[in-house]
Amino acid sequence: MDFPSRFDVIVIGGGHAGTEAALAAARMGVKTLLLTHNVETLGQMSCNPAIGGIGKSHLVKEIDALGGAMATATDKGGIQFRILNSRKGPAVRATRAQADRVLYKAAVREILENQANLWIFQQAADDLIVENAQVKGVVTQMGLRFHADSVVLTTGTFLGGLIHIGLQNYSGGRAGDPPSMALAHRLRELPLRVGRLKTGTPPRIDGRSVDFSVMTEQPGDTPTPLMSFLGKREHQPKQISCWITHTNARTHEIIAANLDRSPMYSGVIEGVGPRYCPSIEDKIHRFADKDSHQVFIEPEGLTTHELYPNGISTSLPFDVQLQIVRSIRGMENAHIVRPGYAIEYDYFDPRDLKYSLETKVIGGLFFAGQINGTTGYEEAGAQGLLAGCNAALRAQGKEAWCPRRDEAYIGVLVDDLITLGTQEPYRMFTSRAEYRLILREDNADLRLTEKGRELGLVDDERWAAFEAKREGIVREEQRLKSTWVRPGTPQGDAIAARFGTPLAHEYNLLNLLARPEIDYAALAEITESPAVDNQVAEQVEIKTKYAGYIDRQQDEIARLRASEDTKLPEDLDYSAISGLSKEIQFKLGNTRPATLGQAGRIPGVTPAAISLLLIHLKKRSAGQKLEQSA
């Protein structure tokens, strides 16, 4: 049976990638269907109850700058907020929020149900309708056919999902949910490279059975940070603490004695796990010299006693899990509510995708999230927003969009994936970005909101707030530039006394703010400056203090822009370019980079090869011009 209405975009999956994809397409005005196997799990946090962190919060802020839901839901569901790396430079500062699972999911559901142009339908997708290498729709579990020319797949860990606890395993998409087997088989029939990855989760603990008095309390920051540029503190729920404890020699003995019962170390699990979020058995094996590892005890919500012991993800048998947990200080009498487990799932080589996240072999088919080999809610949400945006642009007959590496962490993420691929779950870090002083979390809106407005992703409320902020920054910079302080005046003496730096001559406030020892808040207090919005003050201070470094990065970006903007034809025959080695010809033909800049980032492609490519492109262009003039 065919569904009576046709859609422009269909999104399969209602996790972090799927919700952002569906919302993005709908915000852009196209008729969008969100297909989920269970409406009750829309926006569910399947793993740890937290959003943000180093590199990750940059993605969340970028999603927010483009009108996405993740930051707003975090502000409404966050029960502890902290700024990480607060004593370091602004490039690596990151916001992290502990979230109440129920409140977060409810916030996402509310946003979805109130989004115009978005329809939600509960059914598992079993098949894709493909005609002449173009996607045409989706077939559900009950045989219902939905038609659309753009389909976004955000399947998470559900494709061929296999859950492991000890040497026992069973099919599942996550604990309590069935896997997507029919769709996994269908996708394996397509000419796409497929692999297996693995992730895991720790046992959940009943907080009433834990002794917090022997643990270290970890409170949130005051005043509480906000994740969204439009966030308001009055929307944040009650704030509570996390706690820290440690594994010990006894814990490590228990694990070492039972590695033969681990599916990871007995060869049962084929998939590669996340390097930066290893299981506790992996930590003990890889870091055998360490006597202990931190365990962060994270509350799962305000209305539950369940705790998430971050740091002891495991797939060991339940009896071993119980021994591990009870060997840890403060958890000697702990009751496990849910056992930890590992899950294996299918992913597809992201080098088979375009920058738009559309597959190269099936027109209109987009992939986002863990299906592309990434790990993390934030990485999934960022890909989802981009895929949904490009699916909508395709439906509108417009050119696809993806930010460059120098414009957004989303650009870094996508470029890394489609250029380098990944053999293990990919996690974002600030260290992956060459231009991280420009790509700060605090200026994501200044980098992206204008483009989001142009694309149709940003609504009137967000645009008005953004314009007010941007204008406020200009006004404040002008005020500081035109306000002068002279030595020997009360203000000049106060500045000298406060910062221990006598004024040698007359300075404007912007010059003074550029000094590392002078901060904006103190300067505003001494000079009795008018009150300014915190976001405006932050931008003015960072731009002023880091102006020289920022200018140098901008100059470097300008120098490299030519190669980034030089497009490589999709039909370019690399084997016909003389001077390229067979190895480089193979790598270029296998990856089929979209630009000269991307080609240069493929491992093994040398600067000399890039020069040969550039010469070939110039000759090709000249030849085409001659043909046209003939």
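Glycine is treated like the rest: Cβ placed from N, Cα and C.
Small disclaimer: the values here were computed from a predicted structure and weren't measured.
Pulled from Swiss-Prot:
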type	residues	note
BINDING	Gly13, Gly14, Gly15, His16, Ala17, Gly18	FAD binding site
BINDING	273-287	NAD(+) binding site
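Structure coloured by features recorded in Swiss-Prot.
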{"residue": "Gly13", "record": "FAD binding site", "Cβ contacts under 8 Å, 6 or more apart": "Leu35, Thr36, Leu153, Thr154, Thr155, Gly156, Phe158, Gly369"}
{"residue": "Gly15", "record": "FAD binding site", "Cβ contacts under 8 Å, 6 or more apart": "Gly43, Gln44, Ser46, Thr154, Gly156, Gly369, Ala380"}
{"residue": "His16", "record": "FAD binding site", "Cβ contacts under 8 Å, 6 or more apart": "Gly43, Met70, Gly369, Tyr377, Glu378, Ala380, Gly381, Gly384"}
{"residue": "Ala17", "record": "FAD binding site", "Cβ contacts under 8 Å, 6 or more apart": "Thr154, Gly156, Ala368, Gly369, Gln370, Ala380, Gly381, Gln383, Gly384, Ala387"}
{"residue": "Gly18", "record": "FAD binding site", "Cβ contacts under 8 Å, 6 or more apart": "Val11, Ile12, Leu34, Thr36, Val152, Thr154, Ala368, Gly369, Gly384"}
{"residue": "Gly273", "record": "NAD(+) binding site", "Cβ contacts under 8 Å, 6 or more apart": "Leu197, Lys198, Thr199, Gly200, Met264, Ser279, Asp282, Ala342, Glu424, Pro425"}
{"residue": "Arg275", "record": "NAD(+) binding site", "Cβ contacts under 8 Å, 6 or more apart": "Glu424, Pro425, Arg427"}
{"residue": "Glu281", "record": "NAD(+) binding site", "Cβ contacts under 8 Å, 6 or more apart": "Ile255, Leu259, Ser262, Met264, Tyr265, Thr314, Ser315, Leu316"}
{"residue": "Lys283", "record": "NAD(+) binding site", "Cβ contacts under 8 Å, 6 or more apart": "Lys290, His293"}
{"residue": "His285", "record": "NAD(+) binding site", "Cβ contacts under 8 Å, 6 or more apart": "Leu259, Tyr265"}
List of residues, in chain order, with Cβ under 8 A from that of Cys277 (NAD(+) binding site) and at least 6 apart = Thr199, Ser313, Thr375, Pro425, Arg427
Quick one: give me the count of other CB atoms within 10 A of the CB of Phe287 (NAD(+) binding site).
-> 12
Going by DSSP, give the three-state secondary structure for Phe287 (NAD(+) binding site).
-> coil
Integer Å distance between the CA atoms belonging to Gly14 (FAD binding site) and Phe287 (NAD(+) binding site) | 37
Taking the mean position of the Cβ atoms of Gly13, Gly14, Gly15, His16, Ala17, Gly18 as the FAD site, which residues outside that list, in the same chain, have a Cβ no more than 8 Å away, listed in sequence order?
-> Val11, Thr19, Glu20, Ala21, Thr36, Gly43, Thr154, Gly156, Gly369, Ala380, Gly384
Just how many other Cβ atoms lie inside 10 Å of the Cβ on Gly14 (FAD binding site)?
-> 28
Please state whether DSSP places Ala17 (FAD binding site) in a helix, a strand or coil.
-> helix
